[in-house]
C-alpha cells in the first residue's frame, strides 16, 4: 500500500499504523521468523484480503521450556525481510525481548488459557507453552489492532486457544485459520524441518503418511476414534526411529477428546525424530461441503442457488434476504440510516427466520415473527440495502447468524462475500457474473412482471452500477471474487444451463459414496 518499513519499536509500529486511514483494513501475520512457504501462504492471503499487511517476527522466550530449542531456533532476518518485501508486506515488526517485555518475564502479566484447551495434545508435554503463546499473541494483537489475523492450521491447538481467548476477551479481530502447506513429499512445512538430516527427513514422512492412512479409513466409513488411532499407530510402528509423543482425536474447536466423529474431528500427532519434535494434523469432516455462490446484483444468484440446492439436497441460505429484512426493519421503524450504533443496536434484537419450501419462489422471510417476504423486495429496500449491508456492525451480526446456520454443513449460500468472508472454507465456490446491461435488463423485466414500472431500464442500469461500486468499496468485507472461486458468466445462458453446470461441478468434486 505504501513504503515498506522494518520496525523494531512499539512506538515506530504504532506511528506507522497511525498513518493509515481509519477505513483501512489491516491483516496481521505473527511469526517467529525463519519464514517458509507456509508463512508465505498466510501473507499472500492477508495481502489479497486486506489493505495493509503487517508481519511480526519475534522468537518468544515465554513459550519455550527450559530444555527446548530457544537458543538454536532458526533465525534468518535478512532473508525474511527480503521475502516480506517480495510478498508486498507493508510493515515488518521485529522487536527485541526487552522491547516487548521491558520489566522482564518473572513479574509479567500473563494470559492463562482455559485448562481444558491445554491439557491435551502439545499442552501435556509442554507445560506453560500455551500460556506463553496466548500472552504474546494477545499482546501483539493489542499493539497492531488488526481486522484479521492469520494462523496456520498446522498449529491447530494454538489456533483453537487463540480463538477462544479472543472470544472470551471480546477482542475486535477475526482469527483466520489457513490450510497446512506441505512439501511435494507430504511433509508439513516447519521452520524446524531444517534441523533434520536427509535420513531423519525420510523418517519424518511417517507422520503425514500415518494421517493419510487414517484419512483413507475415514473415507471408507471408519468414524471410531480407537480404530482411527490404531491405523496411525500401526503405521508408525514401522518406523522405530520415530518416537511418538501423542496421537489423539479431538474436537477442533473445544479440543475435547472424541470417541467417535459425529460431525468433525481433528486427528493430531506429534513425534520426535532425533532431537527434533514435529507436529501434524488433519481434519476428518463428515459434514456435507458448503456451496458458496457469490456475484453482483442481478447475476441470478438467488434463483440459481435455490435450484442447485434442491438438486443437491442442500439447505438454501439466502443471505441477501437477511440483509433486505433488516434494511426493511430499519425503514419501517424510521431509524436514521446514518446512525450506525442505533441501527446495530436495533438489529441485534431482531429475530430472523427463513424458509425456502419452493425452489422456484423467493425465500420466505420473517423478522420478529412478522412475515416480510414481499415487503423486503420493494424498490425502497433495494435502494437502501447496500447502505445498511456496508455497516460493519450489521455485517458482523448477520455473519454470526449465517455461520451458525452453516456450522453443520450441507448448505448452499449466496451473497457477495460468502466465499471470501462468511464461509472461506466452503468446499465449492462459484463466482456468478453477468454484464451490468444484462443484469439491468433482467431486473427491469422482473419489475415489469410484478407490475412495478416506476424505473426505466437506464435508471436501473445506473442503480446496478452504483451498487456494484458501493459493494466493492465498502471497508468491511468488500465484494470481490475469492481466489479459489470458479467463475461462471451467465450472459446468454439459461437458468437450467447454469444450474446444471454448478451441480456438475459439486458432484464431480464431492462424489457420493
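Numbering starts at 1 and runs along the chain as displayed.
Cβ atoms here come from the backbone N, Cα and C positions, even for glycine.
Some features that Swiss-Prot has for this protein:
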- 1-282: region 'Pantoate--beta-alanine ligase' (REGION)
- 32-39, 152-155, 181, 189-192: ATP binding site (BINDING)
- 39: active site, proton donor (ACT_SITE)
- 63: beta-alanine binding site (BINDING)
- 63, 158: (R)-pantoate binding site (BINDING)
- 283-513: region 'Cytidylate kinase' (REGION)
>> Return the count of C-beta atoms lying within 10 angstroms of the C-beta of residue 153 (ATP binding site), excluding that atom itself.
In response: 19
>> Of 63, 153, 158, which is closest to residue 39 (active site, proton donor) if I measure between C-alpha atoms? They're all binding-site residues.
In response: 153
> How big is the Cα-to-Cα gap, in Å, between residue 35 (ATP binding site) and residue 63 (beta-alanine binding site)?
Replying inline: 19
>> Within a 10 Å radius of its Cβ, which of these binding-site residues (35, 181) has the fewest neighbouring Cβ atoms?
In response: 181
> How big is the Cα-to-Cα gap, in Å, between residue 191 (ATP binding site) and residue 63 (beta-alanine binding site)?
Replying inline: 16
> the region 'Cytidylate kinase' (283-513): mean pLDDT?
Replying inline: 89
> What's the most sparsely packed of the recorded positions 32, 38, 39, 63, 158, counting other C-beta atoms within 10 A?
Replying inline: 32
>> Of 32, 38, 63, 181, which is closest to residue 158 ((R)-pantoate binding site) if I measure between C-alpha atoms? They're all binding-site residues.
In response: 63
>> Give me the count of other Cβ atoms within 10 A of the Cβ belonging to residue 191 (ATP binding site).
In response: 19
> What's the CA-CA gap between residue 181 (ATP binding site) and residue 63 (beta-alanine binding site) in angstrom, rounded?
Replying inline: 23
>> Which secondary structure state does DSSP assign to residue 39 (active site, proton donor), in the simple three-class scheme?
In response: helix
